Amino acid sequence: MAEENIREFDVIVIGAGTVGENVADRVVRGGLTCAIVEAELVGGECSYWACIPSKALLRPGTALHTAQSVPGASDAVTKVLDPAPVLKYRDYFTNKWQDDGAVQWLVDTGIELIRGRARITGPREVQVDGKDGASYSLKAHHAVVVASGSTPLIPKIDGLRNVPYWTTRGATSVRHIPKRFIVLGGGVASVELAQAFARLGSSVSIVARGRLLSAFPEEAADLVAAGLRADGVDLHLGTDTTRVEHDPDHAFSVTLGDGTVLNSDQLLVATGRRPSLDNLGLENVGLDAEEGKPLRLTTDSSGLVEGAASDGTSGLWLYAAGDAAGSVFLTHQGKYEARATGDAIVARAKGTLHGTPKAWSALAKTADEYAIPSVVFTDPEVASVGPSLKQALQKGINASSVELPINVSGSQLHSENYQGWAQLVVDEDRKVVLGATFAGPGVAELLHGATIAIVGEVPLDRLWHAVPSFPTISEVWLRLLEKYGL
Ligand SMILES: Cc1cc2nc3c(=O)[nH]c(=O)nc-3n(C[C@H](O)[C@H](O)[C@H](O)COP(=O)(O)OP(=O)(O)OC[C@H]3O[C@@H](n4cnc5c(N)ncnc54)[C@H](O)[C@@H]3O)c2cc1C
Ligand SMILES: NC(=O)c1ccc[n+]([C@@H]2O[C@H](COP(=O)([O-])OP(=O)(O)OC[C@H]3O[C@@H](n4cnc5c(N)ncnc54)[C@H](O)[C@@H]3O)[C@@H](O)[C@H]2O)c1
């Protein structure tokens, strides 16, 4: 029988991804004791299989293409991309899938790591089947935080479940670049990984049931589609996938709705993600999925989960943050949620927070409602924050928008034949920026200015005095405000 360890902590965090690490950091800084339970690698999806390796695979191709697009520099580019050093660069950033550095940070920060799979057994109670063979019965004095991340959504396609397809983990940890590569899905993971593989030498096809990047304005998505086509990516948009097969010679065949059959050596399914809440024991505290649907948690602005059973002392004990909370699937926003949740747990433990925190206080994830910045790291990039015009109008806001191609001195100097597009969404009643989208090479760094303008509710007539430097791509801000009528 496994050795039983009974331990008590102020806070127990389930999942040591970026979000869990940040919650733990905040509660320990606030003077509470904390255990973090991790079933795989400390650092989670972003560090080893998502943001970091995908950006490390993309960056060499972007750097090369940028040089190739600048007269003078292009003449100095005499070689094509060699996959071996690119994979080595990726391996460096993932620390070869070793988490020793992240574990040392936990030790230095005073967070106790328990390696194993956690399960909630009752209010404030967590059971862990330890990787060391021991069993841990943990009790939290103040809070349990679900930071268990997300898992890929796999569509119901005839034959798909019987073939050895990749999810994003397979693609980001690739060892041999496949000659022919099919990507199913038209979202962010799809376009980023399709471009990375195309630039590493694969012959890539994307199959998407709608257009690419449906969460972003069409003009921005069209620029990404043009960039992918320029890299030789074959786009099958607005099409269903009816069947997937895999033959003994390790070739995949994907049959589309119009009867077209595509063949490849590898298939990536990148069709979205859902919170990882299976087998967490949430039913033990009254949180059951609706019939036929996966469980979703509802949280307040501090990350407190609604509807969790109480142990008679206080119902305020179960929190969720990051992908597990289910509203935003982005590292930076998950970390923001983690900071609010961690600080709210400390404030409730110290008796300085009663009820729901004030909007825009440090204990509330208010920006989730107004300003979620996100960047698609393709070449060209798409950088977007806040609602689109359509989303703003749907919310009943009196909104308008201005759009224009990016054509300023900074973009002309950036590269030959620079193609870009920008949009500002404006609240007509308050005369402030609600949303912004920039598409084009090198626009990611423009985004934070927009996020500040939205969160700070900077009046447009004051924004006019924020003068962009010459000659930068930021001059597009001036053009947008001029087009708006300032
Ligand atoms: C291909 C790809 C690229 C991406 N690129 C970006 C990007 O460039 N920028 C960006 O902002 N976002 C990006 N994302 C999204 C980002 O990866 C996630 O939003 C982020 O990793 C979520 O962090 P998290 O801590 O909530 O979850 P995770 O990082 O998934 O961590 C959850 C942890 O919980 C552990 N766990 C789960 N259940 C248990 C249990 N029962 N017991 C113990 N441990 C458990 C898991 O092992 C895992 O380590 C990308 C996603 C993908 C798929
Ligand atoms: N740069 C970044 O910040 C970055 C990069 C990659 C992923 N991510 C995050 O990770 C999450 C997951 O990425 P993703 O690209 O898998 O999800 P996504 O939600 O961005 O895109 C999912 C795509 O799959 C398609 N799809 C869904 N069901 C389908 C079906 N049954 N058949 C065919 N197509 C189907 C959708 O139409 C959509 O095009 C995203 O929410 C994103 O926030 C972020």
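Our numbering is plain: 1 for the first residue shown, then up by one each step along the chain.
Cβ atoms here come from the backbone N, Cα and C positions, even for glycine.
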(message) Looking at the NAD(+) binding annotation from TrEMBL, with Gly185, Gly186, Gly187, Val188, Ala189, Ser190, Val191, Glu192 already listed, which candidate in Gly101, Gly110, Gly116, Gly272 is the matching residue?
(response) Gly272
(request) Disulfide-wise, see what TrEMBL says Cys51 is paired with, picking from Cys34, Cys46. (result) Cys46
(request) Provide, as an integer number of angstrom, the distance between the C-alpha atoms of Cys46 (disulfide bond) and Lys55 (FAD binding site). (result) 10
(request) Using a 10 angstroms cut-off on Cβ to Cβ distances, just flag whichever of Cys46, Cys51, Ala189, Val191 is the loneliest among these recorded positions. (result) Cys51
(request) List the other residues in this chain whose Cβ sits within 8 Å of the Cβ centroid of the NAD(+) site residues Gly185, Gly186, Gly187, Val188, Ala189, Ser190, Val191, Glu192, Gly272, in sequence order. (result) Val183, Leu193, Leu212, Leu213, Ala270, Thr271
(request) Using C-alpha atoms only, work out the spacing between Gly185 (NAD(+) binding site) and Cys51 (disulfide bond) and round it to an integer in Å. (result) 18
(message) Measuring Cα to Cα, how many Å separate Lys55 (FAD binding site) from Gly272 (NAD(+) binding site)?
(response) 18
